[in-house]
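Database features (TrEMBL):
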type: DOMAIN; residues: 58-235; note: domain 'CzcB-like barrel-sandwich hybrid'
type: COILED; residues: 115-205; note: coiled coil
type: DOMAIN; residues: 242-294; note: domain 'CusB-like beta-barrel'
Amino acid sequence: MLMRKLLLLLLFVLLGAFVLIFAINKGGEKYAVVEEKEIKRLVYGSGYARSKDYVLLKAEVSGYIKEVLVEEGDYVKRGQVLALMDSGPLEESIKEVSERLRLARERSREDSPYLKSLEKALESAKVSMENSQKVFERRERLFLQGLIPREAYEQSKTQYEIAKREYERAKNAYEDAIRSINTEKRVLEADLKRLLKEKEKYVIRSPIEGYVLKKYVSKGDYINHISQDNKLFSIGSRDWEVWLEVDEEYAGLVKEGQRVALKLDAYPDRTFEGRVAKIIREVDRSRKLITVKVLAGLPKETPFGATVDGQIEVENKKMLLIPASAYRDGYVLVYDGIRKIKVPVEVGERFGEYIEVKSGLRPGQRVVLP
């Protein structure tokens, strides 16, 4: 937004007429009555109006806009779906992983044919081992009694050891299968969770409650999420704040809580009041400006980004003022009704055709004009 050059405005808000000019009867000289007046010192800033709650939605993934569900100006709730993006390739991955997870869960059921076959093989190996153990133990007793030859004993021992190893292999195979299925389920569940989370990126939701300020996309548009043109919607509330840019020269004068008079091009016949809420003291070095945030009760219908001119009231005080032409290098001539008296004065700031008198005069006195 193009900003105007910002200037410090010294406005004189005078209660009533500024000074009264009289003609002295004799000599035709003119004089002015010294009066105490209220002076407001204002700093000018130019900027724009924006929502207190504002967000610019961007796509997290690339793809085509499948459907747009809102229009500009629509009121939306937090979490409301604004648009859908085509997630076709992702849907295929979700379908594939879901099917693999279904099969893994099916295999892990206690009554599944897969586990039943493993349990049957384990039970068969266990029975074979137990039978071989009984034969071995019986022949071992007979061998120790000298009733059978060593060959028969060794044969039963070998068969028992083989059956025992077969049982251990069957047991390990069963346990490995259980672990493998459980691991597969965990991996697939994590993959599915990740894919479903990724799918959510194709569903564009409003992160805040507010109004659709701007719709940047239409059905069928392709969005590249790494492009600088990646914009979907802008959402904002109808509670407004104003951001003004002020010349850095006057940064020390602006303080939080100061009153601000605001004029908007959108409402040329109205003046709104606000307060300085925050001062961003980082200077824009290229333009030598600081940013001031102002809270103001602007109309709900205010256009987002509306141009605003603001006058920040940085000082409000009373002072004695006289026409600058009455000041004569350290003194003024005071007319007391009879004669002109040379009175030393201390002066302060000059305001156009007038000058502040810090000491030497009092309200009601009349100073002679040239």
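Even glycines carry a Cβ here, placed using N, Cα and C.
Remember, it's a predicted structure, so these values are computed and weren't measured experimentally.
The average per-residue pLDDT of the prediction over the domain 'CusB-like beta-barrel' (242-294) is 93, rounded to a whole number. Mapped onto DSSP classes, the domain 'CusB-like beta-barrel' (242-294) shows 3 helix, 36 strand, 14 coil.
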